[in-house]
Amino acid sequence: MMNSSKSMSEKSDKKDDKKGGVSDMGAWAMNIISSVGIIMANKQVMSAAGYNYRFATTLTAFHFSVTAGVGYISSALGYSISKHVPFKDLFLFSLVSNTSIVAMNLSLMLNSVGFYQIAKLSMIPSVCVLEWILHGKTYTREVKAAVFVVMIGVGVCTVTDVNVNFSGFMAAVVAVISTSLQQIYIGALQKKHSCGSFELLSKTAPIQAASLIMIGPFVDYFLIGENLLKYTYTSGAIFFILLSCTLAVFCNVSQYLCIGRFSAVTFQVLGHMKTVCVLTLGWILFDSVLTGKNMMGMFMAVVGMITYSWAVEVAKTQAAKMATMKVKEPSFREEDVSLLKGDDLEYGKSDME
């Protein structure tokens, strides 16, 4: 009875997300568009040719601060329902998430771009392994093959120079494990506490914002050797920082929506569509070179994503058929069988009915 009520509440939360006007395709589109947009905005904010605001951890703190503000306003106006989530769970999630942010920035600083991309690609098998260890989740042969094709395709179109050192390797390992755990944790918390995507984000964003604001300037000083207080904010820099924060709200909301409705593995696999979009837009808008190798890798990645979507649907159909067959199978209790074998056949029959 408890399991059925829990599943009912999970379904109702997914319906609540959809009642908000965001379909499954809408959630994916929001994530891809906002993620690509925030990469373009951050390029303008952080590049030397732009405004040279290289304080990545502090910028992420601003992102979560704006997200927390939107969540608070939405709750105050009655657009979202605030559900209770224990502080212990919120704190552990924030710890894992902030570790992911700091480790990813450290990995980018210490490693070559090629090895950084390899580390990002390794998140797909890492999520699969962690899902198997933590939740006993298994994958069909078709899903595994599709994941492999996506990894090869994205690797071909993004990985160039690969230089590895011990400190960079350790930072990458921490980044991969913590990011994988963070994405798995998003779905697990939504199911555990029967809360919607935006409700959970509204709970976690303030804690992440507060902690990153405290540690962000120190982490950034360690990473780039520059003092945040000495940066001169121009009107252009402020505009693009605000634009980055606005896009971050949509990016965070869509991430929670996608992982809550699907899975961390699906989010990782289909999320590489963002890589394809960034490469294409870089070629169109910023005169980036797009070689035959890039295009071949992008084609493989897209084919892998399409195959993955098909393989997941096939796995769902097979699982549904198996569940239906189990329901249809007659189940006889031992006492029922003994009654059928006895002299009082009619009594056994009525008892079964």
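Count begins at 1; order follows the chain as displayed.
Including glycine, each Cβ sits where the backbone N, Cα and C put it.
Quick caveat, the model's predicted, so the values are computed rather than measured.
What TrEMBL lists as compositional bias 'Basic and acidic residues' is 8-21.
The domain 'Sugar phosphate transporter' annotation in TrEMBL covers 35-309.
The region 'Disordered' feature in TrEMBL is assigned to 1-21.
The annotation transmembrane segment is assigned in TrEMBL to 21-41 (among others). When Cβ-Cβ distances below 8 Å are used as the criterion, the transmembrane segment (21-41) is approached by residues 240, 243-244, 247-248, 250-251, 253-255, 257-258, 261-262, 270-271, 273-274, 277-278, 281, 285 of the same chain, each at least six residues removed from its ends.
For 61-81 (among others), the entry in TrEMBL reads transmembrane segment. Panel annotation: around the transmembrane segment (61-81), residues 196, 198-199, 201-203, 205-206, 208-209, 212-213, 216, 241, 244-246, 248-249, 252-253 of the same chain, lying at least six beyond its termini, place a Cβ under 8 Å from a Cβ of the stretch.
Tertiary neighbourhood of the transmembrane segment (90-108): same-chain residues 56-57, 60, 116, 119, 168, 171-172, 174-175, 178-179, 181-182, 185-186, 189, 203-204, 207-208, 211-212, 215, 219, 223, selected by CB-CB distance under 8 Å and a gap of 6+ residues from either end. The transmembrane segment annotation in TrEMBL covers 90-108 (among others).
Sequence annotations record features per position, and here TrEMBL assigns transmembrane segment to 145-162 (among others).
Feature annotation from TrEMBL assigns transmembrane segment to 168-188 (among others).
The feature transmembrane segment is assigned by TrEMBL to 200-219 (among others). For the transmembrane segment (200-219), the list of distant contacts is 55, 57-58, 60-61, 64-65, 67-68, 71-72, 74-75, 80, 82, 85, 90-91, 93-94, 97-98, 101-102, 105, 186, 189-190, 193, 227-229, 252-253, 256, 260: same-chain residues at least six beyond its ends, Cβ to Cβ under 8 Å.
Annotation source TrEMBL lists transmembrane segment at 231-253 (among others).
For the transmembrane segment (265-286), the list of distant contacts is 28, 31-32, 35-36, 39-40, 123-124, 127-128, 131, 139, 146-147, 150, 154, 157-158, 183, 255, 258-259, 294, 298, 301-302, 304-305, 308-309, 312: same-chain residues at least six beyond its ends, Cβ to Cβ under 8 Å. Positions annotated as transmembrane segment by TrEMBL: 265-286 (among others).
Residues or ranges marked as transmembrane segment in TrEMBL: 298-315 (among others).
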Proximity verdict for the transmembrane segment (145-162) and the transmembrane segment (298-315), three or more C-beta pairs under 8 Å: yes
